[in-house]
Amino acid sequence: MGDFNLALLIVAVVVSALVLLVSVYLLVNYQHPDDHNQAYFPKLVVVLGISIAAISILMLPADVANRQACRHAIYNGACSLTLPMKQLWLAVYIADAILVFFVIPFAMFYYEGDQDKGIGKRLKSALLWVVTSAIVCGLLLGILYGLVGKVDFTVRHLSSSAESFPSSWTGFSRSQPCISSSRLCDAYIAPATSEKTWTMRTSFPEYVVALATIVGSVLFTIFGGVGIACLPLGLIFSFIRRPKAVITRSQYIKGATDLGKKARELKKTIETLHQEERSGSKGRKWRKNLKEAEKELFLLEDDMKALEEMYPQGEQAETVWALTVLGYLAKFVLGVVGLIVSVAWVAHIVIYLLINPPLSPFLNEVFIKLDSVWGLLGTAAFAIFCFYLLLAVIAGEMMLGLKLVFFTIHPMKWGGTLMNSFLFNVGLILLCSISVIQFCASAFAYYSQATAAQEIFGHTLQSLRGIKYLYKYNVFQYGFVGFAVLTLFYYAAFGWRKRKPTGRFQFSN
């Protein structure tokens with residue numbers, strides 16, 4: 001028993017260290033060259049945010065493995081040797097909330113502050129913005145808590161009449177368990193009118209966590225639903241649109257000349273936008289043109305990358321081309337595997353969550369059978385499905401960030417991501433991670449039963465006044481599947497096409 005818990009503790013420490021190393025690796029390789037050797041505080045926040053988001057997702061499988069350590073306990077107190085999951089969950093939630101609502105906004109305000117000002121003035125300005133936002137949010141939360149900060153539990157009052165003890169117990173059986181001559185006990189046949197609503201006020205921290213979960217669930221429904229389809233399909237269609245062969249030097253020169261012409265036209269467009277900004281003409285038309293210019297810039301960068309792939313240069317050009325081909329093959333394999341996982345996720349949501357009663361436990365049974373093969377095999381598969389859902393959220397956010405007019409673009413590009421974009425995306429990931437955990441705890445309730453996560457995501461959230469109907473009618477689950485189906489149709493109709501610049505600009509006279 002102790003050996004199993006010691007092994008689980010070692011795995012938890014090793015995984016946490018690996019997550020931290022991966023977070024640093026992502027920061028180093030995604031950061032923009034302009035942020036080299038500076039912006040250390042935002043970088044620290046980014047590494048911490050990515051680490052907490054990944055660890056919070058992996059804590060649910062750890063919670064399941066921790067529960068299994070007590071399954072065959074033969075003496076009282078054996079479970080005291082396991083990890084304190086409830087305390088760990090609480091610590092992660094507190095850190096998540098502090099980062100999302102205070103630290104990340106402060107780091108963004110500080111990073112985007114006027115570079116001509118001193119450090120003290122930038123700190124003061126960022127702190128003023130954060131304090132003001134916190135006061136406004138605190139007042140809004142306080143008003144909502146005072147008005148509707150209650151939970152409504154539906155309870156049924158059961159009672160049974162008293163009967164005299166019989167002189168003989170031989171007449172009792174499974175079909176006749178009651179003293180009364182009736183086949184059913186009185187308490188079993190309580191009328192529907194015995195149902196009542198038990199109302200109690202929830203604590204303010206629980207209410208704040210619940211509202212944060214709702215906001216995260218809305219984002220998760222959109223980004224996760226889109227991402228569960230676009231993550232594997234994007235990899236597969238990237239393989240389909242791959243460069244088939246190396247082009248000649250003359251073709252490369254012609255392509256580079258065309259891109260140079262587009263780049264000069266885009267530069268003039270951006271200069272015009274800067275002139276309008278300085279003249280104070282920052283209206284709806286200006287914002288629309290800015291959005292289009294940013295899209296054109298990203299498409300131009302993609303075209304430049306594709307041109308360089310089709311004409312590798314240098315002494316090791318053949319090796320570079322071979323690695324390019326292998327890279328696209330890897331995308332295709334990962335896309336096929338991801339598509340299988342995505343289909344399994346959507347099928348599980350329909351079978352286990354949307355149909356009442358569920359047709360089958362489906363993936364819950366798969367994980368249990370894998371555990372019977374080897375102790376942590378099912379837990380590892382469970383972790384893969386949970387973490388894949390977080391990757392789907394990230395993929396959906398990256399896709400919609402370039403599609404929606406009302407959504408500010410904060411792209412994550414290899415070797416070209418500014419810290420404000422990093423902070424923005426990390427904040428969204430942290431906000432959605434709570435909902436991913438709650439969604440996985442509900443989708444795999446049968447497998448993750450009797451865990452600390454199940455205790456935390458109990459009936460309080462689903463019974464909160466004003467929002468309980470979102471859970472009662474499975475609004476988030478239906479929305480998730482709906483966005484997944486719409487994204488599938490989108491890729492079927494347009495996914496095979498290569499994106500082209502639009503050139504839709506409307507300048508003021």
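For all residues, glycine too, the Cβ spot is worked out from N, Cα and C.
Remember, TrEMBL labels are computer predictions, not curated facts.
Per-residue pLDDT, averaged over the coiled coil (256-310), rounds to 80. The annotation coiled coil is assigned in TrEMBL to 256-310.
Long-range contacts of the transmembrane segment (6-28) within the same chain, counting only residues at least 6 positions beyond its ends with a Cβ under 8 Å from a Cβ of the stretch, are 43, 46-48, 50-51, 54-55, 58, 62, 65-66, 69, 82-83, 422. Annotated transmembrane segment per TrEMBL: 6-28 (among others), in sequence order.
Marked as transmembrane segment by TrEMBL: 40-60 (among others). Among residues of the same chain six or more beyond the transmembrane segment (40-60), those with a C-beta under 8 A of the stretch's C-beta atoms are 15-16, 19-20, 22-24, 26-27, 31, 85, 88-89, 92, 95-96, 99, 103-104, 107-108, 110-111, 382-383, 386-387, 389-390, 419-420, 422-423, 426-427, 429-430, 433-434, 436-437, 440-441, 448, 451, 453.
Residues 39, 41-42, 45, 48-49, 52-53, 55-56, 59, 122-123, 125-127, 129-130, 133-134, 137, 208-209, 212, 419-420, 423-424, 426-427, 430-431, 433-434 of the same chain, all 6+ positions outside the transmembrane segment (90-111), place their C-beta atoms under 8 angstroms from a C-beta of that stretch. According to TrEMBL, the transmembrane segment annotation covers 90-111 (among others).
The transmembrane segment annotation in TrEMBL covers 123-148 (among others). When Cβ-Cβ distances below 8 Å are used as the criterion, the transmembrane segment (123-148) is approached by residues 101-102, 105-107, 109-110, 113, 117, 204, 207-208, 211, 465-466 of the same chain, each at least six residues removed from its ends.
Positions annotated as transmembrane segment by TrEMBL: 207-240 (among others). Listed as Cβ neighbours of the transmembrane segment (207-240) (distance under 8 Å, sequence separation of 6 or more from its ends, same chain) are residues 93, 97, 100, 141, 144-145, 149, 328-329, 331-332, 334-339, 341-342, 345-346, 389, 391-397, 399-400, 428, 431-436, 438-439, 460-461, 464, 467, 470, 476, 479-488, 491, 495-496.
Proximity of distant same-chain residues to the transmembrane segment (332-355), defined by a Cβ-Cβ separation under 8 Å and at least 6 residues beyond the stretch ends, is recorded for 228-229, 231-236, 238-239, 361-364, 384-385, 388-389, 392, 442-443, 474, 477-478, 480-481, 484. Positions annotated as transmembrane segment by TrEMBL: 332-355 (among others).
As annotated by TrEMBL, transmembrane segment applies to 375-402 (among others). Residues 4, 53-54, 57-58, 60-61, 64-65, 68, 219-220, 222-228, 230-231, 234, 295, 298, 338, 341-342, 344-345, 363, 366-369, 408-412, 425, 428-429, 432-433, 436-437, 439-440, 444, 447-448, 483 of the same chain, all 6+ positions outside the transmembrane segment (375-402), place their C-beta atoms under 8 angstroms from a C-beta of that stretch.
Sequence-distant contacts of the transmembrane segment (422-447), counting only residues of its own chain at least 6 positions beyond either end whose CB sits under 8 Å from a CB of the stretch, comprise 27, 30-31, 42, 45-46, 49-50, 52-53, 56-57, 59-60, 64, 93, 96, 99-100, 104-105, 107-108, 111, 209, 212-213, 215-217, 219-220, 223-224, 348-349, 352-353, 361, 363-365, 367-368, 378, 382, 385-386, 389-390, 393-394, 397, 408, 410, 412, 453-454, 457, 461, 476. Positions annotated as transmembrane segment by TrEMBL: 422-447 (among others).
The transmembrane segment annotation in TrEMBL covers 475-494 (among others). Long-range contacts of the transmembrane segment (475-494) within the same chain, counting only residues at least 6 positions beyond its ends with a Cβ under 8 Å from a Cβ of the stretch, are 217-218, 220-222, 224-226, 228-230, 233-234, 237, 342, 346, 349-350, 353-354, 396, 439, 469.
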